[in-house]
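Working notes for the structure below.
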Amino acid sequence: MNKLMIEGGHPLEGTVSVSGAKNSAVALIPAAMMADSTVTIENLPDISDVGILAELLQEAGAKTELFEGTLQVNPADMIPMPLPNGLVKKLRASYYMMGAMLGKFNKAVIGLPGGCNLGPRPIDQHIKGFEALGAKVTNEHGALYLQADELVGARIYLDVVSVGATINIMLAAVKAKGKTVIENAAKEPEIIDVATLLSNMGARIKGAGTNVIRIEGVEELHGCRHSIIPDRIEAGTYMIFAAAMGKSVLIDNVIPLHLESLSSKLREMGVSVEAGDDSIHIQSSKVLNPIDIKTLVYPGFATDLQQPVTALLTKADGASMVTDTIYNARFKHTDELRRMGADIKVEGRAALIYGKTKLQGARVRATDLRAGAALVAAGLMAEGVTEITDVHHIDRGYANLEEKLTALGAVIWREELSAAEQQEIENS
Ligand SMILES: CC(=O)N[C@H]1[C@@H](OP(=O)(O)OP(=O)(O)OC[C@H]2O[C@@H](n3ccc(=O)[nH]c3=O)[C@H](O)[C@@H]2O)O[C@H](CO)[C@@H](O)[C@@H]1O
Ligand SMILES: C=C(OP(=O)(O)O)C(=O)O
């Protein structure tokens, strides 16, 4: 086991290139299994979720080859292998194996997913969609059993706007007989990316990126080549790092439109944010204004950036309020930020951050992926050295974090945990 060490106080300067989007990658890999020949996916981020999904496909008989960010998936020999346990519990997106397996084989047995613990994360809308398409779904011993004689297109209204349910229903519906309409669909850019791959495989999908998606079922899907969109959450995290410590930082390989909600909030704080064609230039300011933020579904402020921005707001001159309308327990990072000296109160779904605080380096724990990003932001700003444990959460979503930050001038490195430290974590 590793810990991440950060010596704070070093200004950031230079260019950082953003990797492919995690939340696209984790849907595109299961989507690829629906073809009858090889699908090549380029620009994959070097994160643990990608490796695990490739392994899951292999378990079910796919031939996969991952080399320097390009994954080849040959699904020709795949079988509807039950995947009730093991790897599926290591990430959230293993739920896409349900839609993909069901869509390809009319049956699937998949364990309930893992992923970040942010409070309850039900998948009732996914199940509602599968059932509307004709599947019988039962939950037995922590795994979902899905079975259909045939899948038939249907009109499905999502009670909750859900990224996962929208993509999962799309996966199950692309080969269903007839027309499927998903109403109140999520509009995240990753959904468009998945629809683009599926369309290149021969699927007929209209309206991805709007709240009504129309799918005309096809009989066969074929191989193709696809390059993933840039990760707007990774990009946003580096924008926040730059707002915290940046003299002049260029975030390269981004789609600025995907980051408008964050850009406008950073500008409100007094940060200079200049968007180019495929880059964003950030220059911080000596004085940062306090702001209020409410997370919303896309194109609103992303909940996945709520945690890192909370860390940044400890540096603002006054009180800020961050409200998370998507998850009711996404504030575990605030306990750790308090260890570093932050003055934060959590009331229900809101965190009140009283700035300006000079954070101090401390031993802290990444309780989930973006909590880890918040602690990295805090570590960059803090006086002294910050030690972050449970780095495996961070490795789910940030490719080459130390290399990218070191190139910008940060002092950050990884160390093995001693036996005593491992014991301490196991006991806590
Ligand atoms: C792998 C992936 O893409 N993860 C992202 C995805 O997660 P995920 O797809 O799991 O998130 P959803 O969009 O589904 O969840 C949004 C809200 O809807 C609720 N809900 C969802 C499904 C359902 O069947 N019933 C239900 O009540 C959830 O509890 C949550 O409160 O979108 C989230 C919201 O932008 C992001 O934080 C995650 O990074
Ligand atoms: C919540 C997240 O991921 P997941 O849904 O994969 O747990 C995230 O990326 O911030």
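For all residues, glycine too, the Cβ spot is worked out from N, Cα and C.
Note: TrEMBL annotation is automatic and uncurated.
Keep in mind it's a predicted model, so treat the numbers as computed, not measured.
Of the listed candidates (ASP77, ASP304, ASP317, ASP343), TrEMBL assigns ASP304 to the same UDP-N-acetyl-alpha-D-glucosamine site as ARG92, ARG121, PRO122, ILE123, ASP124, GLN125, ILE326. Take the CB of GLN125 (UDP-N-acetyl-alpha-D-glucosamine binding site) and look out to 10 A: across all protein chains shown you find 21 other CB atoms. Within the set of recorded positions LYS22, ARG92, CYS116, ILE123, ASP124, ARG92, ILE123, ASP124 have a CB atom less than 6 Å from some atom of ligand 1.
If you compare every pair of Cα atoms in ARG92, ARG121, PRO122, ILE123, ASP124, GLN125, ASP304, ILE326, the residues listed for UDP-N-acetyl-alpha-D-glucosamine, the longest distance is 22 angstrom. Shown in sequence order, ALA93, VAL163, GLU188, GLU190, ASP231, ILE233 are the residues of the chain, 6+ apart in sequence, with a C-beta less than 8 angstroms from the C-beta of ASN23 (phosphoenolpyruvate binding site).
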